[in-house]
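Colleague: Quick one: the structure is below, and I'll ask about it shortly.
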Amino acid sequence: RQTREQETPPDFFYFSDYERHNAEIAAFHLDRQVKSICSKRKVEILILDFRRVPPVAGRLVNMTREIRDVTRDKKLWRTFFISPANNICFYGECSYYCSTEHALCGKPDQIEGSLAAFLPDLSLAKRKTWRNPWRRSYHKRKKAEWEVDPDYCEEVKQTPPYDSGTRILDIMDMTVFDFLMGNMDRHHYETFEKFGNETFIIHLDNGRGFGKYSHDELSILVPLNQCCRIRKSTYLRLQLLAKEEYKLSLLMKESLLKDKIAPVLYQPHLEAMDRRLRIVLKAVSDCIEKDGYDNVVENDFNPDVNTGTTER
């Protein structure tokens, strides 16, 4: 729907933004690590190192041979058609935007896409869906509670599962992750049910990230600004990625070059991540100045462990 260079139109609401396959790919790389060669030694450079996004890779797909001619889903098959420009198109079945007007069209039947690895089947590993406490209103005129109540985090911290364990810190990690991508569409999240509150958030559905490189959506950072909490491992990682030798944009560019549909991101999107990283670090610094380091930064690992690079 969009070229790499195009930005989300300024008049679009976040809930009507395009879903971008390249955003799903870039989110996976941002969330993980990249192997690199540095000073004649093979080292593993960690980007965010959350490892909470299922593997995603870009592919050029033949819609005729690889989808239409092999599907056993008759409802899906019926949505294929040939456009006035003689391109193969389909729109599938879903709750929103599945219509001829919102169809995906190939050239003539080749189309880029992102393919994600399946999570364990629900019969093996049930997942629980949670409403994000900082969910937006998804309304043209109404605001969410967190947008009008500066003390909203205090209420969240007294509500299960955020009143114990590490869930609130997981939300802060997800907040940083989303802000770096410019993703405003984090309305729900999932966890593995089996582990109760001793688990982690799965970073699914990142397709509305990387829509604007010329604008930093500061409202995404509200959870961090209100709660003033962050893991020490995350804080140190962010500080590392702000250094010239481990610059976030350069590591992301190197990692994304390995994808089949590279270049995945337009260069200004990479540069925007460096700018947003500085904004996150300034927000944490302001919290520390206001509340003190020990009240803001949660020591979640042995401080003697080196979290920057690991020799291989």
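The backbone N, Cα and C atoms fix where each Cβ goes, and this holds for glycine too.
So TrEMBL lists the following for this protein:
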BINDING   GLU19, ALA116, ALA117, PHE118, LEU119, GLU190, ASP205  ATP binding site
BINDING   GLU19, ASP205  Mn(2+) binding site
DOMAIN    80-297  domain 'FAM20 C-terminal'
ACT_SITE  ASP185  active site
Colleague: Output, ordered by sequence, the same-chain residues six or more apart from ASP205 (ATP binding site) with a CB under 8 Å from its CB, or 'none'.
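Modeller: Correct list: ASP185.
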Colleague: Express in Å, rounded to the nearest integer, the largest CA to CA distance found among the ATP-binding residues GLU19, ALA116, ALA117, PHE118, LEU119, GLU190, ASP205 named in the record.
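Modeller: Comparing all Cα pairs, the maximum is 20 Å.
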Colleague: Looking only at Cβ atoms, how many others are within 10 Å of the one on ASP185 (active site)?
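Modeller: That number is 18.
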Colleague: Restricting attention to the domain 'FAM20 C-terminal' (80-297), give the mean pLDDT.
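Modeller: Taking every residue of the domain 'FAM20 C-terminal' (80-297) together, the mean pLDDT is 96.
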Colleague: Once the chains shown are all counted, how many other Cβ atoms turn up within 10 Å of the Cβ of LEU119 (ATP binding site)?
Modeller: 14
